[in-house]
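Marked as substrate binding site by TrEMBL: Arg26, Gln27, Ala28, Gly29, Arg30, Asp76, Tyr152, Ser207, His324. For 21-30, 140-156, the entry in TrEMBL reads domain 'Uroporphyrinogen decarboxylase (URO-D)'. Taken from TrEMBL, the feature site 'Transition state stabilizer' applies to Asp76.
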Amino acid sequence: MTETTKPLLAALKGGHPDRTPIWLMRQAGRYLPEYRALRAQANGFLDLCYTPDFATEVTLQPLRRFDLDAAILFSDILVVPHGLGQKVWFVEGEGPKLEPLTGTAALDALDLAAMAEKLKPVYETAARVKAALPAGKALIGFAGAPWTVATYMLEGGSSRDFLKAKRWAYGDPDGFQRLIDLLVDATVQHLEAQIAAGAEAVQIFDSWAGALDEDAFERWTVAPIRAIASRIRANHPDVPITGFPNRAGTLYESFALHAGVDAVSIDPTWTVEAIARRLRPHVAVQGNLDPGRLVAGGPDMIRRVRAICDRLAPMGGFVFNLGHGVLPSTNPDHVAQVVEAVRAADADRV
Ligand code: 1CP
């Protein structure tokens, strides 16, 4: 099978592959017992990300169990601030922690040149995964979007209201722009290194895009992602670029029109009809099963999968996915059932 016929890549470029591609955000992780076993061997989460033996294995684990169309490099969006020199650590069960960035002196200490060297094991993992991938499966590289990564850098971890980030972004936009510009450069460098190592598509996760108002969304979500996408496209025109402006509501339309991406990953709040009419005319679409459906399972989960596939797959330019990441309490059997339901929807259409 040639590169161009991989179903994921064809669909992300708007084509009609011979089967509906499916992968799941956070498809590697704590819901898999084999992940938990390797996680226990590693010296913390970052060690897992930076040890190619571990990270390669964890990336491939979901593809051994399920007939998925892509592997997503096992890493995290916070390797970028870590690579830039910020202190980052993960507390089990609590998520990421960072020594919060305060003031412009801290900004000046971040070192883009050092990042390439520090993140070498991540690129080594991408190369190993690519070499081990079965025919027809694609390797996805990824990064966090500048706004989302900036929130972690400023808040020091997860946040409810993002007020440290918003005070700066809304109160001193030109100062905040310096951080965003640095993150645009870092993100381009990080994604291009993944592509050089073998990533065939890239996804930019703007998990907290939905916290911004329309003016801020244009400046801090759309514009930086457009800058990243145009720089990557100039060097790698064949690599599809997916953006995920999570929970951005009506602002999704502006994103689809103006962010310069090939595809948009869609959160669960969108109806299939609105996706078909308002987004699919502009970009390829990916989504959007509620990860809670995957936890609960049962006939209603299968009905939702069918509703999504039956409306969107015939349009082409469609990738089945969740609307957000797989949750740790998910039963792996439900993942197998969802894959089967996507295949059954294809079979019923021909
Ligand atoms: O084992 C553990 O305890 C760590 C759990 C874990 C895992 C498995 C974290 C900590 N990150 C990851 C891997 C990861 N993160 C991947 C791997 C590939 C895959 O999909 O299988 C990806 C793509 C990410 C991306 C990521 N990390 C995002 C964007 C997507 C999203 O979920 O919105 C975000 C926001 C993060 C930050 C992060 N890292 C880890 C956690 C628990 C979080 C979220 C914390 C929060 O909600 O603020």
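Just so you know, the numbers here start at 1 and follow the chain as drawn.
Even glycines carry a Cβ here, placed using N, Cα and C.
Shown here: features listed in TrEMBL, placed on the structure.
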residue	record	CB count, 10 Å
Arg26	substrate binding site	17
Ala28	substrate binding site	23
Arg30	substrate binding site	16
Asp76	site 'Transition state stabilizer'	18
Tyr152	substrate binding site	27
His324	substrate binding site	22
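In terms of DSSP secondary structure, the domain 'Uroporphyrinogen decarboxylase (URO-D)' (21-30) contains 0 helix, 1 strand, 9 coil. When the Cα atoms are compared, Arg26 (substrate binding site) and Asp76 (site 'Transition state stabilizer') turn out to be 10 Å apart. Between the CA atoms of Ala28 (substrate binding site) and Asp76 (site 'Transition state stabilizer') there is a gap of 12 Å, rounded to the nearest whole number. Geometry remark: Tyr152 (substrate binding site) versus Asp76 (site 'Transition state stabilizer'), CA distance 12 Å. Proximity of the recorded positions (Arg26, Ala28, Asp76, Tyr152) to ligand 1: a Cβ under 6 Å from the molecule is found for Arg26, Ala28, Asp76. Per DSSP, the domain 'Uroporphyrinogen decarboxylase (URO-D)' (140-156) is made up of 10 helix, 5 strand, 2 coil. Asp76 (site 'Transition state stabilizer') and Arg30 (substrate binding site) are 14 Å apart (CA-CA, integer value).
The CA atom of His324 (substrate binding site) is located 15 Å away from the CA atom of Asp76 (site 'Transition state stabilizer').
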